[in-house]
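Database features, via Swiss-Prot:
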- 9-29: transmembrane segment (TRANSMEM)
- 33-53: transmembrane segment (TRANSMEM)
- 71-91: transmembrane segment (TRANSMEM)
- 100-120: transmembrane segment (TRANSMEM)
- 121-141: transmembrane segment (TRANSMEM)
- 154-174: transmembrane segment (TRANSMEM)
- 194-214: transmembrane segment (TRANSMEM)
- 230-250: transmembrane segment (TRANSMEM)
- 264-284: transmembrane segment (TRANSMEM)
- 318-338: transmembrane segment (TRANSMEM)
- 360-380: transmembrane segment (TRANSMEM)
- 394-414: transmembrane segment (TRANSMEM)
C-alpha cells in the first residue's frame with residue numbers, strides 16, 4: 001500500500017535527495033559545478049512530475065498529501081520558475097557560495113510539498129520548511145549590513161506569521177475535530193450553524209498566506225527585504241513563493257472552503273483593494289528600483305486576489321494567466337536588475353540609458369508598459385480579464401476603482417521610461433548586457449509581451465478548460 005503511495009512522491013524524494021547529495025559534494029566540487037547540478041536537479045524533477053502526471057485525484061499516505069492534474073501543473077510551474085532563478089544565478093557571473101543553490105532546492109522542496117498538502121499537519125510542516133530556508137537565504141550575504149538587517153526583519157515578521165497560522169490551525173481543529181482537508185470541507189458543508197471560532201481559525205490561516213503573498217496590510221517586510229537581499233534572491237522572492245501561494249490559495253478556496261465563500265470573499269476584496277492603493281501611492285516616492293518594484297508587486301498581488309475573490313471559472317483562469325505573465329515580466333525585469341551591484345540599483349542610474357544602450361532601454365520600456373497594462377502588450381490582457389470578470393459578476397464599482405488606481409500606478413512606470421529617454425546622464429554607471437544568454441532571455445520575454453495578443457484567446461481557452469476539468473468552477 002505505502003509502496004504504491006511512494007510512486008506519487010518520487011519528485012519530492014528525488015529533489016530532497018539531490019539536495020543532500022549536493023551538500024556533501026560541495027566539499028570537493030567547484031561551486032559553479034554545484035550550481036549547474038542544482039539546476040539540472042530541478043529540470044529532472046520537472047521531467048519526473050511530467051512523466052507521473054496524474055489526471056485523476058490520488059490521496060497519498062492516508063490523505064496526508066494529494067496528487068492530481070492541478071497540483072502537478074502547479075508543481076511544474078513552480079519548478080520552472082525556480083529553474084529560471086538558478087539559470088540567472090549561473091549566467092550573471094556573480095559569485096555565490098555553493099550552499100546558496102542548495103538552499104534554493106530545499107525551499108523549492110518545501111513549496112512543492114506545500115502545494116500537495118491535504119491535511120493541516122502536512123500543510124504546516126511544509127509551510128515551515130520553506131520558511132526556514134527563506135530565513136537563511138534572506139541574510140546569506142554576511143558582508144552586507146542591509147542583508148543581515150532584512151534577514152532579521154523577515155525572520156521576526158515571518159515567525160509571527162507562523163504563530164498566527166499555528167493558532168488558526170489549532171482553532172480550526174478544535175472546532176471541527178478534523179485534520180484532513182476533505183473532513184474540514186465536509187464539516188463546513190454539512191453544518192448550517194458554523195462556530196465563530198472555526199471561521200476565526202480560517203481567517204488566521206488566510207492572514208498567514210496573505211503575509212507570504214505580501215498583500216497589504218501584511219506587506220511591511222517586503223520593501224526592506226527586497227532591497228536588502230541580493231538581487232537573485234529578490235527575483236526568487238518575487239516569483240516562486242508568490243506563484244506557490246496563489247496556486248495554494250486557489251486550491252484551498254475551491255476545494256476546502258467553498259461553503260464559506262461569502263465570508264472569505266469580503267476579506268479578499270478588502271485586502272486586494274488595500275493592496276492596490278498601497279502599491280500605487282507607496283511606489284511613487286521610491287528611487288531604489290528594488291523597493292519600487294516591491295511596491296509594484298503588491299499591486300499585482302491585489303489584482304490576483306480580487307480575481308480569486310470572484311470565484312468563477314473565468315476569474316480563476318484570469319488569475320492564472322495574470323500569474324504566468326507576471327512571472328514572464330519579472331524574469332525580463334531581473335535580466336536588467338541583475339546587472340547592477342546591489343547598492344547601485346537606483347532609478348537615477350537609468351538616466352540617459354537610451355543614448356548608451358538603446359536596445360536595453362527599449363526592452364525596459366516594453367516591460368514597464370506591459371506591467372502598467374498598456375495595450376496591446378501582454379499585461380493589458382491580464383488586467384483586462386480581471387476587470388471584465390468583475391464587471392460580468394456585478395462588481396462594477398470595484399472594477400472602476402481598480403481601473404482608476406491602475407491609471408495612477410502608471411505614473412511610476414512611465415517615470416522610469418521618462419528617466420531613460422529624456423533625462424541627461426550624470427552617472428558613471430553603465431547598464432549593459434554583455435552576456436548573450438541574458439540577452440536572449442530578455443529579448444524572449446519582450447517578444448512574449450509584444451506578440452501575446454495573437455495567442456491570448458487560445459491561452460484563455462486552455463486555462464479555462466484545465467480549471468473546469470479540475471472542478472474549479474463557480
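Glycine residues also receive a Cβ, built from the backbone N, Cα and C atoms like all the rest.
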Inset, instruction - Go through the chain and flag residues at least 6 beyond the ends of the transmembrane segment (71-91) whose CB is under 8 A from any CB in it; none is fine as an answer. - result: 11, 32, 35-36, 38-39, 42-43, 45-46, 49-50, 52-54, 100-101, 104, 108, 111-112, 115-116, 232, 235-236, 239-240, 243-244, 247, 251, 324, 327, 331, 334-335, 338, 435, 437-438, 441, 466
Inset, instruction - Report, as numbers and ranges, every residue of the chain located at least six residues beyond the transmembrane segment (154-174) whose Cβ falls under 8 Å of a Cβ in that stretch; write 'none' if there are none. - result: 120, 123-124, 127-128, 131, 134-135, 138-139, 184, 197-198, 200-205, 207-208, 211-212, 218, 220-221, 225
Legend entry - Same-chain residues near the transmembrane segment (121-141), Cβ under 8 Å, at least 6 residues beyond its ends: 64-65, 96-97, 99-100, 103-104, 106-107, 109-111, 113-114, 147-148, 150-152, 154-155, 158, 162, 165-166, 169, 179, 208, 225, 228-230, 233, 236-237, 241, 244
Legend entry - Highest-contact recorded stretch vs the transmembrane segment (230-250), from 9-29, 33-53, 194-214, 318-338, 360-380, CB pairs under 8 Å: 318-338
Legend entry - Sequence-remote partners of the transmembrane segment (9-29) [C-beta within less than 8 Å, at least six residues beyond its ends]: 37-38, 41-42, 44-45, 48-49, 52, 60, 65, 75, 98-99, 101-102, 105-106, 108-109, 112-113, 116
Inset, instruction - Mind pulling out the one from 33-53, 100-120, 360-380, 394-414 with the most Cβ pairs under 8 angstroms to the transmembrane segment (318-338)? - result: 360-380
Legend entry - Closest-packing stretch to the transmembrane segment (264-284), where packing means Cβ pairs under 8 Å, from 33-53, 100-120, 194-214, 360-380, 394-414: 394-414
